[in-house]
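Working notes, structure below.
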2 protein chains.
Amino acid sequence: MPIRRRSASPKFRPLASHPAPTRLTLRGQSVLVRCGPLAGPEPLRFPLHRGRSVTPQDLRTRHPEHFAKAAALRVLAMDAVEAANSGHPGMPMGMADIATVLFEKHLKFDPKAPDWPDRDRFVLSNGHGSMLLYALLHLTGYDDMTLDELKNFRQLGSKTAGHPEYGFAKGIETTTGPLGQGLGAAVGMAMAEASLSARFSPRIVDHHTFVFVGDGCLMEGISHEAIGLAGKQQLSKLVVLWDDNGISIDGKVSKSDITDQPARFRAAGWDVFECDGHDPAAIDAAILSAKASAKPSLIACRTHIGYGAPNKQDTAGAHGSPLGADEIAAVREIYGWSHEPFVIPQDVRDAWAAIGAQGAAARTAWEERLEGLGKRRREQFDRIVAGELPKALTNQIRNFKSEQSAAAPKVATRKASEMVLEVINKALPETIGGSADLTGSNNTLTKDMGTFEPGNRNGRYVYYGIREHGMAAAMNGLALHGGVIPYGGTFLVFSDYARGAMRISALSGKRVIYVMTHDSIGLGEDGPTHQPVEHLAALRAMPNLNVYRPADVVETAEAWQCALETPDRPSVIALTRQGLPTVRTRHSTKNLSAQGAYILSESTAKRQVILLATGSEVSLAMEAQTQLEAKGIGTRVVSMPCEELFEQQDDRYRARVLPRGPVRIGIEAALRYGWDRWLTGERGSAAKAGFVGMESFGASAPAGDLFKHFGITADAVVERAEALL
Amino acid sequence: MPIRRRSASPKFRPLASHPAPTRLTLRGQSVLVRCGPLAGPEPLRFPLHRGRSVTPQDLRTRHPEHFAKAAALRVLAMDAVEAANSGHPGMPMGMADIATVLFEKHLKFDPKAPDWPDRDRFVLSNGHGSMLLYALLHLTGYDDMTLDELKNFRQLGSKTAGHPEYGFAKGIETTTGPLGQGLGAAVGMAMAEASLSARFSPRIVDHHTFVFVGDGCLMEGISHEAIGLAGKQQLSKLVVLWDDNGISIDGKVSKSDITDQPARFRAAGWDVFECDGHDPAAIDAAILSAKASAKPSLIACRTHIGYGAPNKQDTAGAHGSPLGADEIAAVREIYGWSHEPFVIPQDVRDAWAAIGAQGAAARTAWEERLEGLGKRRREQFDRIVAGELPKALTNQIRNFKSEQSAAAPKVATRKASEMVLEVINKALPETIGGSADLTGSNNTLTKDMGTFEPGNRNGRYVYYGIREHGMAAAMNGLALHGGVIPYGGTFLVFSDYARGAMRISALSGKRVIYVMTHDSIGLGEDGPTHQPVEHLAALRAMPNLNVYRPADVVETAEAWQCALETPDRPSVIALTRQGLPTVRTRHSTKNLSAQGAYILSESTAKRQVILLATGSEVSLAMEAQTQLEAKGIGTRVVSMPCEELFEQQDDRYRARVLPRGPVRIGIEAALRYGWDRWLTGERGSAAKAGFVGMESFGASAPAGDLFKHFGITADAVVERAEALL
């Protein structure tokens, strides 16, 4: 059933409207066991929790073919961890039955076309169980996941890193390991699907997002934000399978948590199903129910960590270290698995290969449907899936810059960002914007975007709520899914709340654009808790992330252009609350910000001073230049909107912008931390250097008072320069 | 009823066991309205939500005295925001009735003794409503909260910052504003109370922690971690009052969230009550019920943001900007309040003063009970409340260092930390340790601590669960409460998850000790997601936070000593997973780490090179020194366990440790970001400098392979030195 029809149905069914528990007959099988929607509010988990699962011996007898396939996953995981002498066998052994049923009966995928845009997404949020994923990719026939890769688990240069790393191998949909991130990203993937399905019809985009999560994922705060967002958005094609094994690293989960997870998910607007996570029929039925639900679904799968390990099953000992030779031998006996490590018998190999081959027909049929889409729409689909920008954009931004250079408005860069977003959002139907409940402050909403919500999947603006971390993670998922370009706003200071997910953006190398306003003490009265002083440094310290701090409306447009034209990196665009004069009053066709730093204003007298500034302090440097030049002190102003891009320039360019001789002063309404590099350090070269900026947390007062109080003024710059000369 | 008896009762009542709704007669009054425990699982909020509250006019008629007191709070907030032309009037106007009832009928406090250890704690987690707190403190008679302070709301140098800042004025129990942090801290305060009550008896420690939260607090992920922790810990004296006004900055909460909050809290093990947040009798009854509960309690208070503002009530327009002169005039009319701005009529002043005076008797009685505690116990109580360390500790750590210097073990510093914690935890009964589900990895648990849990409040070890942010926030609350010294562990990379709360530790200037292990690629196979490369820089960038990276067991002991002896700052102690040789084999009685950096090993030949290293790279510098000296190149090794402390030394000491002449090489298995300062920059002075460390994210492989792969070896250091010479 296509999502649009679903989302057009009444938005919120009352939470108590689950059908009463029933026995189901599915796929011609009688479903024997505890599966079906949960009834009522009773805390389900504790009374039912342990000890009723199918034992390995029973499972082997009752479902021999299933058991063999799942055993292959389990043994590969166990053996690879043993070979590496490092890793996590417990989760793959616990979730192998679920994975087998999911891949065999539900997951739409084709290992021969791993980038098929309409594939189901499979996310392993409990990423420490990475061997489960690697084993699945290997057995179903992903070319680059060879047996040698499995044997080289956790070794230098292998694709089989300790935790799944996006880009290392096909079929790894996102980088996971830091708990909860996969769940958060999956929400974004499901949002991307809903958006594209509305835009291109369910004939072209109609897939599920399946997520494996552990107790850790569900305890992390990010899970709350992700679940709340998914619940509000009623993402019916999102199915979360919870490895409810009752064990965390410190022992029983109950040592630290008594949360009734099913009740919690229902409270957030989800449907909840449950099953014995070792009973293939029950798993299958639960997934069927979840897929049929009009809400996002949690399937609580009761499992045993380290399933079948006689001494370690159901203990933290199975979680994060090799089982050891004796235990492995005992498991082999229980599984009836006599093969050497990494040897999979041909019949099991064939069975898994058949599973891997199942999706080819659907994929071919999809390609035919895509062919029928019509040339224009087909081209647009191909373009956005490839992540390419429309050719017209360059000119449109150039024109915008030209107009603004001429008009030279005094506007806050957050407002400038809104102005350029008006251009961008019109040119790029693939942008999906939003804010963590600061829309009017972040200036992230432009005309005619519409609200993305259950009743309007054509809307392109997301009210993320007060969920910075969840927003960042969802944006990772949007970008990873492809076909959309996400941007989202909050205050720069709250990058602290989102940092866990921002690091995933950087590790994954995806085009996620963070609009972070109120970027200094310039925000004024809200005070120290809201004033970033260390955040620029903390973000610049992160590899693979470009941090822009534009000085005016023109640089803001250039920053946006750079961010959009960098498909392999996330960007932060730090923007002011306060108004700033236009410093780029002479129009340059070229994107000067793309060089990271450039000469904004040259000295007229003999050059004795270079002022190196960013963002709101560039206009202050210009004032200081005027004063210094009036005193006969030749002064150059260099604007550095993005130090990461300046770093990428060649030595000659850098030396031209920042020659060795003159006194050099860095100016930024933030801490000096990290700045010495550009003054006398690695990339600096000045004999004498100073810095005008913050030395502590901020204070609560009107912005003008604060700049004076903290000595970030043109006068202070002039004084510093004179003292150094 | 003292907490110990409560906690000895059956730990978890079934979640569905709430008494059916009943009408209550309380304090001789018939309780008229919708108050009482919630029955059943039905989503309560939406059907009941709006439009049934007492109107201001009715409230004024029915409860004139209450109304006048609450109106004083409302008008002060409205007028102060107007005077500042900045701030948030909506929340104080919405929660004034709740605050009035809480302060009048429940809160145990004495403005003349604001540090009374057994006072109830009142936390304003929705800190943007700061004027509510300031007005309460002013009216109840806190000396330092003068009328002038209110008139100077949000101005430079005032105590009345935009958001409540701990330490600015008495009665501000914690810094809030970043949403959810107050709730998280309150959980720690309630834990501290439970711990101290068990230790010193409920005659000495027996108080509640009341928290005001808004929708934003409850949407943030940290709320999930805080609620989960409080639910597991069954903190019966924690009462959360939710400003359920249905409005956030972007408009209706339902734009971004449909969570059934009561159901969510019940799922986490809480009791939930509800009331009309403008009906004083209902509020009173709800608080009484909450106090009687054996669980932590949420009171869902249905309120109107901007209560009484004819055009802005119930809209986002009342949230974060001044109401404007016309609207204020209209509100005054509705309130029947004819006084000028900041003028409070004497009868209302007197009524509030009487409320402020209520607690004196209880405080005096408490002081008498404290007197009766017996000299030894009294001294201990005074000592821990004052945050002083036992005198014996210095010697004990000195002896430990002496033994370890002699034994020179090769141990991971995380293990060294455990070894010194054995000494510390024995000497300091006030430590409360824990880990975010990494106990065995963080080495945070020592002998005989016992588990802090509902059945054992004498336990001193907290299984925080997979909740880094919640743990950090709870530790803030523990430290803010006083009487305990919190430390908690996670991996250094997950400081990203905790950063929001860590910033509050730094802003508040409290002794919170973060034990962060697995501090580099030295953790090995877990790979890039788990390997911090930028985190030392990101943490060092934060003001008011000391970051230690000890080189061996001796420095680890010194780092712990420094952290404990710094009551006005949080500390991060970054520790290795991998074993390290002891480099401090010659015992020094003095704590050398307290100087931040020091000469560990002097050159024998003429000094040409200084190697400046931290943590695990200090032993590598020692190896390089041996090689360089063998080549006749005189080399000094400087260990820098804490750059913040080195920064605090005088110029002469710094110049002695790092003289200008020699080639200088920084060595740290992390990014160079921030290092130039110590090489050629602000605090550097070397003409030639280099750095051996990371240049990117890490990789998944055994640690030894990684150090080679990334070129962090003694050979690489030697090469770099020779190249620079």
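Glycine is no exception: its Cβ is also placed from the backbone N, Cα and C atoms.
Please treat TrEMBL annotations as automatic predictions, because they have not gone through curation.
The active site, proton donor annotation in TrEMBL covers B:Glu468. Feature annotation from TrEMBL assigns substrate binding site to B:His88, B:His319, B:Arg414, B:Ser441, B:His518, B:Asp526, B:His530, B:Arg577. The thiamine diphosphate binding site feature in TrEMBL is assigned to B:His128, B:Gly177, B:Pro178, B:Leu179, B:Gly216, B:Asn245, B:His319, B:Phe494. Annotation source TrEMBL lists Mg(2+) binding site at B:Asp215, B:Asn245, B:Ile247. Annotation comment: TrEMBL describes B:411-582 as domain 'Transketolase-like pyrimidine-binding'. Residues or ranges marked as region 'Disordered' in TrEMBL: B:1-20. The site 'Important for catalytic activity' annotation in TrEMBL covers B:His88, B:His319.
Taking the Cα of B:His530 (substrate binding site) as the reference point, the closest of the binding-site residues B:Gly177, B:Leu179, B:Asp215, B:Ile247, B:Phe494 is B:Phe494.
Mean model confidence of the domain 'Transketolase-like pyrimidine-binding' (B:411-582) amounts to 98 (pLDDT, 0 to 100 scale). Between the CA atoms of B:Asp215 (Mg(2+) binding site) and B:Gly177 (thiamine diphosphate binding site) there is a gap of 13 Å. Ranked by Cβ neighbours within 10 A across all protein chains shown, the binding-site residues B:Asn245, B:Ser441 are led by B:Asn245. Figure note: comparing Cβ neighbours within 10 Å for the recorded positions B:Asp215, B:Glu468, B:Asp526, the maximum is reached by B:Glu468. Proximity to chain A (Cβ-Cβ distance under 8 Å) holds for the following binding-site residues out of B:Gly177, B:Asp215, B:Gly216, B:Asn245, B:His530: B:Gly177, B:Asp215, B:Gly216, B:His530. Here B:Arg577 (substrate binding site) comes close to B:Ala412, B:Arg414, B:Ser441, B:Thr517, B:His518, B:Asp519, B:Gly522, B:Leu523, B:Gly524, B:Ala703: these same-chain residues lie at least six apart in sequence, with C-beta atoms under 8 angstroms from its C-beta. Ranking the recorded positions B:His88, B:Glu468, B:Asp526 by the distance of their Cα atoms from the Cα of B:Phe494 (thiamine diphosphate binding site) places B:Glu468 first.
Taken residue by residue with DSSP, B:His530 (substrate binding site) is part of a helix. Here B:Asn245 (thiamine diphosphate binding site) is compared against the recorded positions B:His88, B:His319, B:Glu468, B:Asp526, and the shortest C-alpha distance is to B:His319.
Around the Cβ of B:His128 (thiamine diphosphate binding site), the number of neighbouring Cβ atoms within 10 Å comes to 26. Here the binding-site residues are B:Gly177, B:Pro178, B:Gly216, and the one whose Cβ sees the fewest other Cβ atoms within 10 Å is B:Gly216. Listed binding-site residues: B:Phe494, B:His518, B:His530; maximum Cβ neighbour count within 10 Å falls on B:His518. Largest Cα-to-Cα span within the substrate-binding set B:His88, B:His319, B:Arg414, B:Ser441, B:His518, B:Asp526, B:His530, B:Arg577: 48 Å. All protein chains considered, the CB of B:His88 (substrate binding site) has 26 other CB atoms within 10 Å. It is B:His319, among the binding-site residues B:His319, B:Arg414, whose Cβ has the fewest other Cβ atoms within 10 Å in the structure shown. B:Arg414 (substrate binding site) falls within a helix when secondary structure is assigned with DSSP. Taking the Cα atom of each, B:His128 (thiamine diphosphate binding site) and B:His88 (substrate binding site) are about 6 angstrom apart. Applying an 8 A CB threshold to same-chain residues 6+ apart, the list for B:Ile247 (Mg(2+) binding site) reads B:Gly90, B:Asp215, B:Val253, B:Ile305, B:Asp314, B:Thr315, B:Ala316, B:Ala318, B:His319.
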